[in-house]
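Undergrad: Straight out of TrEMBL:
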| type | residues | note |
| --- | --- | --- |
| DOMAIN | 504-697 | domain 'STAS' |
| TRANSMEM | 73-97 | transmembrane segment |
| TRANSMEM | 103-120 | transmembrane segment |
| TRANSMEM | 166-193 | transmembrane segment |
| TRANSMEM | 241-262 | transmembrane segment |
| TRANSMEM | 322-342 | transmembrane segment |
| TRANSMEM | 354-371 | transmembrane segment |
| TRANSMEM | 391-411 | transmembrane segment |
| TRANSMEM | 449-473 | transmembrane segment |
């Protein structure tokens, strides 16, 4: 209860071990479902499950039922038009990264958006081309169909132009990515994206931004550079930089400066602007001329083509490269969607998002689009201009369709340098992520290492291998943190039931002969030896070595008694030999040295802390009780169970009483199932809380205290010296520290 007018509470309750608590408080019986029960329930069908399945597969039904036409429609229209204009320019620009004809970027900004409208759970992300995926597609396209030389020997390339071959490669890879995403969604493995931390994604996208920047320099400078081999392309660009087209360079610089300034103004005054200024659209409109440019994008094909089947040899050739694209595309889209779902208070489903993007990519690939995800800048436009639902996304797709079929000819003379400048200026957000390095270095060095290694590996080895390396480093960091946790020895904060690391506080008290050890990690095969070594280090002795020395001493004493060289008296052992006893050690039956000490053939038990006869020296143990704090131990595997049992037996055999506190019920249940308990290891050693175990030891041993760091011994001769007497039930312990 709380004391009136103070921030203190008073608790009077019995001292609980796990056994006594279970006896006094009856648990609710819960039926544990078997695998068969889960399978039967999963395939069970009724009206409610059918309705739920329909709503989960078609989320559009759920949010359309609550659509507020009067409040949301106008906002969605404004957002859709604004996003559509940006999507047109980004679709054309990002095609340069994919090494495809520009109009296929418009296909990617249309077909996947229509499918996602029905299947997606996010109401705010803008589906379409994403620069990192475009770059990954471009690397595959230029590998199979290079700018110079013959294409790869793949069935189906016959009688196709170079552009048609590249489109076939891109659509086939997109189909593979879609199948992978759909399969992961059906198998309910959307959780895999959780293994891609924000730090890893940040380092990866920063490296991708550098790749994109380098790949666009050839358009900005007006140079002809074969392929897009990442930063290595810089050597070719520097060798040809004297041949740069001055007109392209000037146009690009003007666009980047103006767009940068206006975007900064949009960010600074976004609360006052009803709609962000569409600076890219304005700049492109002002630059487009009526005379063709020698490096124009040429969007004359303005019809949608009939569906095409994927090419099976290409699927087999690119399956390995398609998997990281499937993961990256989903991870980026899900991360952005999660941000907006939290901001606008609705839920998204990771598995349904996988299904939505999988179907969208499969559908889009049939109509020659390439891999779709979401671009951060485009999604920001859709949300910041007032978009409420995916109606805005559908309207943006309508704008793209109008441009594709009706007014695309107006963009025919648009120089590629303009699109390159648009791509580069939109990389600002990703490149500025490098500012996270000092923050990560100060706050979390392993995360900083993950960021740097992922970024450098993605730059030097390529995006696919870089992602694999970054994921490997991230998993290694997680394993190392769990394998080598920060174990600590705890002490009591005087006058409380609180226990903290004794290295962190001044006014602490430790019961004499009691050691409290905490491991803040699960215990499993990889860290069991580490846990054992840290515990032995905290105890100051090796239990097995002490046990063997005691058994050797016991064997020697029994032998001397049998010979008559020793005799037992009321005052202890008496040496009856005339000379010095130098008995050689008996090394027979070494395995018996690990067994419990046997005093059956002796007249009395041996006090190992007293002086022993026959010059026998045994290490003295200053600890009589060990308390293991398992509050942070979430699981034990079989190796840990066996190793823990062996360690406890060694401690018990050297007369150290072991108590385990705050053990998770499922861990305790597993110990029972694994036959952890026997004649030496008893369930009675488990206590409900750390304070319960310490109070139990105090009552049992009536020990004194050692104060750290002054090492001042407070002799407490009786339990009444540190007992508060109040009117409490007879079975309530009121021992306080």
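Backbone N, Cα and C define each Cβ position, glycine as well.
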Undergrad: Going through 73-97, 166-193, 241-262 one by one, which has the most CB pairs that fall under 8 Å from the transmembrane segment (322-342)?
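TA: Answer is 166-193, with the largest number of Cβ pairs below 8 Å.
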Undergrad: Please work out which recorded stretch in 73-97, 103-120, 354-371, 391-411, 449-473 has the most C-beta pairs separated by under 8 angstroms from the transmembrane segment (166-193)?
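TA: Going through each listed stretch, the top one turns out to be 354-371.
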Undergrad: To the transmembrane segment (354-371), which of 73-97, 103-120, 391-411, 449-473 is linked by the most Cβ pairs under 8 Å?
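TA: Checked against 73-97, 103-120, 391-411, 449-473; highest Cβ contact count belongs to 103-120.
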Undergrad: Counting only residues 6 or more past its boundaries, what in the same chain has a CB within less than 8 Å of a CB in the transmembrane segment (391-411)?
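TA: 67, 72-73, 75-77, 79-81, 83-85, 87-88, 91-92, 103, 106-107, 109-110, 113-114, 116-117, 125-127, 284, 288, 297, 299-300, 302-304, 382, 385.
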Undergrad: Over the domain 'STAS' (504-697), work out the mean pLDDT and round it to an integer.
TA: 85
